[in-house]
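Enquirer: Copied straight from TrEMBL:
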- 20-32: compositional bias 'Low complexity' (COMPBIAS)
- 20-41: region 'Disordered' (REGION)
- 69-154: domain 'Blue (type 1) copper' (DOMAIN)
- H105, C140, H143, M148: Cu cation binding site (BINDING)
Amino acid sequence: MDRRAFLTTVAAGSLALAGCTGSSSTPASSGSGSSGGSGTDDAYDGWFEGVDNYDGTVDRTGESEVVVKVGTQANGGGFGFGPAAVEVSVGTTVVWEWTGAGGSHNVVAEDGSFGSQYASQQGATFEHSFEETGTYPYYCQPHINLGMKGAVRVVES
């Protein structure tokens, strides 16, 4: 076996092994939602790792409509959702409202269950009603690498 074939075989084996050791996709647990500002929260399976404006989950249960700002100051510019994580009751409509900062943004559910068009103008909105319990991580597609991530946790009232 020549050197090139050997290195290719070792690389392929390493990638296969790395795929076997990934974390599970267990649904996030509910809890107090407060991380003490560390930028991580076990309830979101590391989703907020490196997101500098995540400071726990804001409890908005019992409200019929909740506003999340798009383009808040975070992650080195207008690259945040505010609040980054919110807990709502089943049936709540979340309205994402653009601040006009940070350029063009969108809102995309990690699981593909909802998504907006790109917008950059202040006052633009996108809304989604949450009818099932669960945790719904989302992000801004062009700025995900900057840490522009959010999550909606939906619970029974």
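Each position is counted from 1, following the chain as shown.
Using the three backbone atoms N, Cα and C, a Cβ is placed for every residue, glycine included.
Whatever TrEMBL says is automated annotation, not expert-curated.
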Enquirer: So how many of the residues in the domain 'Blue (type 1) copper' (69-154) end up helix, strand or coil by DSSP?
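Expert: Across the domain 'Blue (type 1) copper' (69-154), the residues distribute as 6 helix, 45 strand, 35 coil.
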Enquirer: Around the Cu cation site formed by H105, C140, H143, M148, which additional residues qualify by having Cβ within 8 Å of the site's Cβ center?
Expert: V70, G71, F79, F81, G102, N106, Y139, Q141, P142, I144, L146
Enquirer: Among all protein chains shown, how many Cβ atoms are found within 10 Å of the Cβ of H143 (Cu cation binding site), not counting that one?
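Expert: H143 (Cu cation binding site): 22 neighbouring Cβ atoms within 10 Å.
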Enquirer: The domain 'Blue (type 1) copper' (69-154): mean pLDDT?
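Expert: Mean per-residue confidence for the domain 'Blue (type 1) copper' (69-154): 98 out of 100.
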Enquirer: Per residue, counting other C-beta atoms within 10 angstroms of the C-beta, which of the binding-site residues C140, M148 reaches the highest number?
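Expert: By the 10 Å Cβ neighbour count, M148 comes out on top.
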Enquirer: How many other Cβ atoms are found within 10 Å of the Cβ atom of H105 (Cu cation binding site), counting all protein chains shown?
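Expert: Neighbour count, Cβ to Cβ under the 10 Å cut-off: 28.
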